[in-house]
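I have placed the structure first, in the form of structure tokens, so that the comments after it can refer back to it.
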């Protein structure tokens with residue numbers, strides 16, 4: 001159990017650092033289509049990380065994946081708890097590491113890559129709050145979370161899929177789906193202050209603990225939304241049992 005916990009911590013730390021530095025560097029370079037470039041880089045990064053971590057931890061680099069795996073009977077409760085705890089600890093360490101290497105201006109501008117619903121800016125008649133409504137953000141988390149699970153748990157943890165199209169192809173597809181979800185959630189809303197669907201509660205928790213402040217505003221959305229998505233996916237798997245599914249020969 002100790003080795004499982006330590007591996008999950010390091011995996012989440014690397015995931016946090018890579019994704020958040022991609023976000024910061026993409027926006028800082030003032031590219032014409034930052035969302036597209038960000039999504040593409042995120043897809044490539046996640047694919048590489050999944051390929052690297054699958055032989056070690058089974059690709060559990062996200063509490064959503066772990067919780068859904070528990071609900072669908074793929075892992076035990078004790079293992080799920082250890083993974084999720086380690087993922088949260090790793091995200092905190094990742095936020096601390098990012099804070100140590102970036103200047104205060106970047107920390108202030110990007111909130112250490114934290115998940116936000118709104119941003120507060122000064123106005124002529126007082127502070128102005130800009131962002132996405134809580135209900136909208138919650139629905140985005142639920143929908144994007146379910147799509148993520150459909151592509152990841154539904155493919156990466158299904159040995160028939162790996163046998164039929166190859167494990168590398170499976171992870172490439174999962175990475176592409178994740179990239180598309182990042183692109184959709186950050187583009188379709190086009191709202192300043194909303195950082196897009198979190199799709200990883202641990203990654204949202206790390207900066208909230210390290211930096212605090214407005215990052216706690218609506219933070220529950222990034223946990224409740226994915227949890228609902230996990231339960232919906234578990235119900236979906238029960239409605240369509242495995243033995244009724246098409247089997248690739």
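Backbone N, Cα and C define each Cβ position, glycine as well.
Record features (TrEMBL):
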| type | residues | note |
| --- | --- | --- |
| TRANSMEM | 12-30 | transmembrane segment |
| TRANSMEM | 36-57 | transmembrane segment |
| TRANSMEM | 64-86 | transmembrane segment |
| TRANSMEM | 137-157 | transmembrane segment |
| TRANSMEM | 164-184 | transmembrane segment |
| TRANSMEM | 220-239 | transmembrane segment |
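Counted over residue pairs separated by six or more positions, the transmembrane segment (164-184) shares fewer than 3 Cβ pairs under 8 angstroms with the transmembrane segment (64-86), which leaves the two as not touching. Nonlocal intrachain contacts for the transmembrane segment (36-57), taken as residues 6+ away from its ends with a CB within less than 8 angstroms of a stretch CB, comprise 4, 7-8, 11, 14-15, 18-19, 22-23, 26-27, 83, 156, 167-168, 171-172, 174-176, 178-180, 182-183, 186. Only residues 6 or more beyond the boundaries of the transmembrane segment (220-239), in the same chain, are considered here, and those with a CB under 8 A from a CB of the stretch are 63-64, 67-68, 71-72, 115, 117, 134, 137-146, 148-150, 153, 198-199, 201, 204.
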